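S.K.: The transmembrane segment feature in TrEMBL is assigned to A:42-60, A:67-85, A:91-113, A:120-143, A:155-178, A:208-227, A:239-258, A:265-287, A:293-311. Per TrEMBL, region 'Disordered' is recorded for A:316-337. The feature compositional bias 'Basic and acidic residues' is assigned by TrEMBL to A:328-337.
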Amino acid sequence: MRRLLWPAVVLVLLLALNVFFTPSFFSIQVRDGHLYGSLIDILRFGAPLILVALGMTLVIATGGIDLSVGSVVAISGALACLQISQDAGVFTAVALALGLCLVLGAWNGFLVAGIGIQPIIATLILMVAGRGLAQLITGGQIITVNSEAYKVIGGGYWLTVPFGVLIVLAVLGITAFLTRRLALGMLIESVGGNAEASRLAGIRSRGIILMVYAFAALCAGVAGLMISSNVSSADGNNAGLWIELDAILAVVIGGTSLAGGRFSLGGTVLGALIIQTLTTTVYSIGVPPETTLLFKALVVTAVCLIQSPSFREKAFRRRGRTAPPSPAHEEKVRVTA
Amino acid sequence: MLKRISALVLAGLTAMSVAACGSGGSGSAGSDGGDGSGGGDGSITMGFSQVGAESGWRTANTKSVQESAKAAGITLKFSDAQQKQENQIKAIRSFVQQRVDVIAFSPVVESGWDTVLKEAKNAKIPVILTDRAVDSKDTTLYKTFLGSDFIEEGKKAGQWLVEEYKDVTETVNIVELQGTTGSAPANDRKAGFAEVIGAEPKFKIIASQTGDFTRAKGKEVMEAFLKSNPDIDVLYAHNDDMGLGAIEAIEGAGKTPGQDIKIITVDAVKDGMQALADGKINFIVECSPLLGPQLMDLAKKVVKGEQVPARVVTEETTFTQEQAKQVLSTRQY
């Protein structure tokens, strides 16, 4: 759990900063039959990022990376909205969109595991081509749909709780169960540690890799449905733009190593929440738009530095304090999420 | 094996980059022949770099350009920059390399164009700016600027607000959803609006953030505004789409858009006009995207070498809720 300490501290600090500017920041009320408040907003708008980051976590755990998730987000929303605008049922539209996402993810997995292309190159192909595909589906237009049922996915509520948050909880629960209660998580980490050694040990490395890319694309697909459903429209150009970078950042903040071999689902969720809280903070404390990116960069730099054991050691030593017990061996201890 | 794979990857990447540069141009070889200083006879080839498709307004603009190019018999090489300046610079460079007769583009941001425009000028290809201006001291870099006067639009929005609240004496709390940071419409609509309302101290802009001209961002930012500023009287959004996103946020907060919070937007796209007619928006300043025909006329003139005015303003109006109801059925976009 120690590994999650620092991200948690940063999240609490960010939330506290908000209270300083907006005293009612923590208040949650029931309005129009659903929960209402800044914290709910963070969860709601953070839900797509959490989903994408969850998929990314498993991909990164195998030592890979998926740059195409942003494009998959756009494709999923575009296809669903196109179907609905052509009078297809919401379930058909959602199933078609998610089915296409699975195919795209399997394609990524095939390029990486089957052909052996480096993940960053293999997924770069879909990142570029996928944007084009999304624009092809929408015809470069913004498709607006009027479907109450579709709106529920990203903008609706169930038992006063935002529906998107429930989806995230379900996906998180299933993923945590599969990877932490069953052997799957260990297999993924093993493949990330050394794919060839794992194969020789009897693990189907290729199948595992194919699966994590398909899972990442499926998560991105659900996130895409949420984003487009929230505003009842599909925007092939802007939906999910740069979300892959936010997702990778969330995974890294959460303490998952980019080298693969270990991962932390809880850390990823914390990381994604930090990023969304940061965005909300920018709006509520009124950082001028011109300096927003700089502000975010400073916070992210601080988060990354504070997470680094060697930096902490140096910083503390310079102040003449006793260094904390050497964290060198702690890194190797595997912590369950 | 490894060699073969890397060769495969290389081939794939090359194909990708070639496709990206070509951007819809099988006709590049043809235009190579009849190029040069853009002489009189033969068809005109125009390279057009669009900002993206960030809103309904932009897509109407794209359509207008494409359709009127067809009608005017001008070969159009269209390139979508996806909101990124580097993409636009790349597109303009490739237009210069393909030696098109005239380049038209809507700059995604105001500054940083001097180098690439000089390249076009050195290649003797005239440049027309559409819809958005560039912030350059050297006005010889482009022939003319066709588009709306964004400062005027901001002023119109401000004037309506001043008129609407002329009997009110207490403070009017305004929140502002800005367009893409650094873009001309965002800068000018903000400045024009601030200039008019600045004359009366009762008008107070309590929060102002960018919503990137998109619905999703407009909604997200407005949600945050509603939490951090409980007492909002007026929303001024730099385009309809952000306003439409904000309306959803306001409704989600249990307030009535158009009544509890008065909403002013700019653009007048169909979805926006519908919301205006439904009483959810109070006032829209029009910013017409249908500048294709004017653009093609100008293009023909500059290719022939005729003099054109340095600034051409598109014809625009404003809409109240009653006016919106009347014209809604006849709106083209």
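Keep in mind that glycine also has a Cβ here, set from the backbone N, Cα and C atoms.
In terms of burial and nearby residues, how do these features look in this structure?
M.R.: If one looks beyond the transmembrane segment (A:42-60) by at least 6 residues along the same chain, the residues whose Cβ comes under 8 Å of a Cβ in the stretch are 66, 69, 73, 119, 154, 162, 164-165, 167-168, 171-172, 175, 179, 188, 192, 212-213, 215-220, 222-224, 226-227, 240, 243-244, 246-248, 250-251, 254, 256-258, 260, 263-265, 268-269, 271-273, 275-277, 279-280.
For the transmembrane segment (A:67-85), the list of distant contacts is 48, 52, 55-56, 92-94, 96-98, 100-101, 104-105, 108, 120, 123-131, 133-134, 137-138, 143-145, 147, 150, 216-217, 219-225, 227-229, 233-237, 239-244, 247: same-chain residues at least six beyond its ends, Cβ to Cβ under 8 Å.
Counting residues 6+ beyond its ends, the transmembrane segment (A:208-227) has Cβ neighbours under 8 Å at 47-49, 51-52, 54-56, 58-59, 61-62, 64, 66, 68-70, 72-77, 80, 94, 97-98, 100-102, 104-106, 108-110, 112-114, 123, 153-154, 164, 167, 171, 187-188, 191, 195, 239-240, 243 in the same chain.
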S.K.: What residues in the same chain, six or more past the boundaries of the transmembrane segment (A:155-178), come closer than 8 Å to it by Cβ-Cβ distance?
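M.R.: The answer is 30, 33-35, 40, 43-44, 47-48, 50-51, 54, 58, 184-185, 219, 222, 226, 229-232, 265, 269, 337.
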